Amino acid sequence: MTTSAPGEQDSPSTTGEPPRINVGVLGARGRMGTEVVKAVNAADDLELVAMVEAGDWLFNVADAGAEVVVDFTRPDVVMDNIRFCIDNDIHCVVGTTGFDEAKLATVAEWLQPKPDLGVIIAPNFGIGAVLLMRFAQEAARFFPSVEVVELHHPNKVDAPSGTAVRTARLVAAARRAAGLPPAPDATTDSLPGARGADVEGVAVHAVRLSGLVAHQEVLMGAPGETLTLRHDSYDRASFMPGVLLAVREIRRHPGLTVGIEGLLGL
Ligand SMILES: NC(=O)C1=CN([C@@H]2O[C@H](COP(=O)(O)OP(=O)(O)OC[C@H]3O[C@@H](n4cnc5c(N)ncnc54)[C@H](OP(=O)(O)O)[C@@H]3O)[C@@H](O)[C@H]2O)C=CC1
Ligand SMILES: O=C(O)C1=N[C@H](C(=O)O)C[C@H](O)C1
């Protein structure tokens with residue numbers, strides 16, 4: 001990590017190379033933050049200027065001249081971090097989960113007076129996971145039954161996962177757009193919780209198990225057939241191409257962007 005003065009990132013390169021992007025990482029010693037720090041350090045076009053952990057002085061990222069902050073912290077602190085970044089004219093790439101429509105609307109409102117500033121919030125930066133969501137949306141209108149099962153490491157802070165909730169919402173929207181009735185099998189449980197959580201009419205089940213990292217299945221059923229879509233992240237390195245893409249692209253995507261589908265040309 002190096003520290004540079006505010007504004008230093010704008011100084012012209014003496015080598016003819018485009019200037020590096022100054023990056024700050026929030027939650028830098030967490031499971032994801034550690035991986036982001038490694039990935040930024042390994043990228044020739046990025047400069048790690050600040051690493052912030054719980055209890056650290058958040059102004060460190062501004063003092064160090066960060067142009068883009070990457071946040072992998074906790075659902076209960078991420079809104080304060082985004083607010084700080086917007087107030088300090090720092091673009092923000094957010095992987096932390098826990099966003100509902102109301103929180104997204106709040107971030108969009110905070111961004112209004114700053115038309116050049118970007119916030120990208122993605123529940124999953126894994127390319128395969130993004131594709132799974134897209135495939136599930138495509139398939140949704142052909143199957144009367146659908147359920148989502150997410151499986152994660154036992155230390156995950158939230159359940160169900162942000163990815164599962166977004167997948168269920170996208171599938172539910174595709175079903176509504178196609179005029180499908182509610183899934184015929186989304187209701188009765190003789191033991192509370194047995195049928196999972198109801199996300200807009202889609203049942204979502206969360207498994208926590210040692211040995212797992214991050215996995216998701218979308219199961220669809222019609223008379224006489226099923227379709228199972230599955231994605232597995234075996235290593236947190238799987239999220240890094242998506243995170244670095246967002247860091248590199250965010251200055252070209254002002255405003256609020258939810259998901260990285262658009263950055264991938266999907
Ligand atoms: N979008 C995606 O692709 C992915 C998203 N995630 C999400 O990212 C989030 C983090 O996951 P994970 O890395 O496993 O969690 P960890 O608990 O391993 O890491 C979170 C880190 O953030 C730190 N932290 C807490 N509060 C603050 C704060 N105010 N400022 C700075 N740092 C803080 C924690 O410190 P301390 O432990 O001391 O509290 C911890 O080191 C979760 O919401 C998870 O769902 C995870 C994987 C992929
Ligand atoms: O906490 C995790 O590990 C993960 N969180 C994200 C989520 O909640 O969707 C992304 C991925 O599933 C890993």
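Just so you know, glycine gets a Cβ as well, placed from its N, Cα and C.
Those TrEMBL annotations? Automatic predictions, nothing curated.
Here is what TrEMBL records for this protein:
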REGION    1-23  region 'Disordered'
COMPBIAS  1-16  compositional bias 'Polar residues'
BINDING   G27, A28, R29, G30, R31, M32, G95, T96, T97, A122, P123, N124, F125  NAD(+) binding site
DOMAIN    128-261  domain 'Dihydrodipicolinate reductase C-terminal'
ACT_SITE  H152  active site, proton donor/acceptor
BINDING   H153, G162, T163  (S)-2,3,4,5-tetrahydrodipicolinate binding site
ACT_SITE  K156  active site, proton donor
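Taking the binding-site residues G27, G95, P123, G162 in turn, the residue surrounded by the fewest other Cβ atoms inside 10 Å of its Cβ turns out to be G162. Proximity to P123 (NAD(+) binding site), judged by a C-alpha distance within 10 Å, picks out G162, T163 from the recorded positions H152, H153, K156, G162, T163.
Comparing CA positions across the recorded positions R31, T97, F125, H152, the one lying closest to G162 ((S)-2,3,4,5-tetrahydrodipicolinate binding site) turns out to be T97.
When every Cα pair among G27, A28, R29, G30, R31, M32, G95, T96, T97, A122, P123, N124, F125 is compared, the largest distance found for this NAD(+) site is 20 Å.
Checked against ligand 2, the binding-site residues G27, R29, R31, G95, F125, T163 give T163 as the ones with a Cβ under 6 Å from it, listed in sequence order.
Distance noted between the C-alpha atoms of H152 (active site, proton donor/acceptor) and T163 ((S)-2,3,4,5-tetrahydrodipicolinate binding site) is 11 Å.
Considering only the binding-site residues G27, R29, G95, T97, T163, the residue listed as 'active site, proton donor' has T97 as its nearest partner by CA-CA distance.
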